[in-house]
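A short write-up of the structure that comes next.
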Amino acid sequence: MSKINLLLLCGGGSAEHDISLLSANYFETSLAKSEQVNVLRVVLDKFGQYQTAAGDDCELTNNREIRFRDETKAPWPVDYVIPCIHGYPGETGDIQSYFNLIQLPYFGCESEASSNCFNKITAKMWFSALGIPNTPYIFLNQYDDEAIAQTQAALENWGSIFVKAASQGSSVGCYKVDDSSKVAGVLKDAFGYAPYVIVEKTIKARELEVAVYEYQGEVVATLPGEIICDSNTFYTFDEKYAKSSKARTDVVAQNVPADISDQIRAYAIKAFKGMKLRHLSRIDFFLTQDNEILLNEINTFPGSTPISMFPKMLQNHGHDFTEYLSLVIKGQLAAK
């Protein structure tokens, strides 16, 4: 069998561009263990330009090939692509639509599932439709006096709130608000990141994560892992990725009753199947002191940085990441 020409596409136009590059390192290292693929790593910059790791300017054409600006270099045909892009245009579903248009097989969730999960408002509507408990919320579609009044009413009712840009990841455009005098400014900032904003009740709870992925025809949900932050903070962008972060992670959360763990995993699989996710996801939950389970969010292309939970949970579940990737890629190309 001839080797598969695999395009590892990373970067993108969001605030998570640099995190995407770190995740791509993990994919590149894992793929290097396989003798079945030729890997070409290409960075998509914030202006939509492509460049190889060697610094060659290039583009992905509608003929499913990488064409170089230096015309002395032969085009590189692409059999398969891994869009290792956090945020826009990867997790938003935009780039998947393009792959569908040019009939290029790709790793990860399809366009509609990606879009539905990335938009926090759409996602919560899906959670409720599937009968999966989630945090109380309101959503806003413009910054005006009415939006400020609605948010202040929510704060008065709930005591503490999170104001979030509806279409951002990694806690970008996310603010915890306890003081009504801060509402107007925070709303203005959030609307600077997205055209829609969601306001959620602050939940005092443990933050649990489940890796959910397809393996040999089955949907697998790992035991919940846990993000442990300082009690007075939340899991901000810096807490996730900065070297000075004080947050820590447990690949398997401690002191979670077996029946609660089973219910979390059941909800995770229900969300994965109900929202028609594909290949991989990380599904995040809150667990309150009263053992109430609330689905927080779904990440359709979870990070694979040195501190990321998804690859650790997959490995802890007994699966090798390189073998997992190979099974997905070969299965997808065989069904083409």
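Start at 1 and count along the chain as shown; that gives each residue its number.
Every residue gets a Cβ built from N, Cα and C, even glycine.
What Swiss-Prot records for 154-209 is ATP binding site, and it gives sequence analysis as the kind of evidence. Marked as Mg(2+) 1 binding site by Swiss-Prot on the basis of sequence analysis: ASP284, GLU297. Summarising the annotation, Swiss-Prot assigns Mg(2+) 2 binding site to GLU297, ASN299. For 124-330, the entry in Swiss-Prot reads domain 'ATP-grasp', with the evidence type sequence analysis.
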**Request:** Rank the binding-site residues ASP189, GLU297 by the number of other Cβ atoms within 10 Å of each Cβ, and give the residue at the low end.
**Result:** ASP189
**Cα separation, GLU297 (Mg(2+) 1 binding site) to TYR175 (ATP binding site) (Å, whole number)** = 16
**Asked** Over all shown protein chains, what is the count of other CB atoms within 10 A of the CB belonging to ALA154 (ATP binding site)?
**Response** 20
**Complete:** One of the binding-site residues ALA154, GLN168, TYR196, ASP284 has its Cα closest to the Cα of ASN299 (Mg(2+) 2 binding site), namely ASP284
**Prompt:** What is the average pLDDT across the domain 'ATP-grasp' (124-330)?
**Reply:** 93
**Asked** What three-state class does DSSP give ASP189 (ATP binding site)?
**Response** helix
**Item:** Cα distance (Å, whole number) from ASP284 (Mg(2+) 1 binding site) to ASP189 (ATP binding site)
**Value:** 25
**Item:** Pairwise Cα distance for ILE203 (ATP binding site)/ASP284 (Mg(2+) 1 binding site) [Å, integer]
**Value:** 13
**Complete:** Counting across all protein chains, other CB atoms within 10 angstroms of the CB of ASN299 (Mg(2+) 2 binding site) number 21
**Request:** For ASP284 (Mg(2+) 1 binding site) and TYR196 (ATP binding site), determine the Cα separation and express it in whole Å.
**Result:** 22
**Message:** Taking only same-chain residues 6+ apart in sequence, whose CB is under 8 Å from that of TYR196 (ATP binding site), what do you get?
**Reply:** ASN119, ILE121, PHE139, LEU140, ASN141, ALA165, ALA166, SER167
**Fill in**
According to DSSP, ILE161 (ATP binding site) sits in strand
**Fill in**
Once DSSP output is merged into helix, strand and coil, LYS182 (ATP binding site) belongs to helix
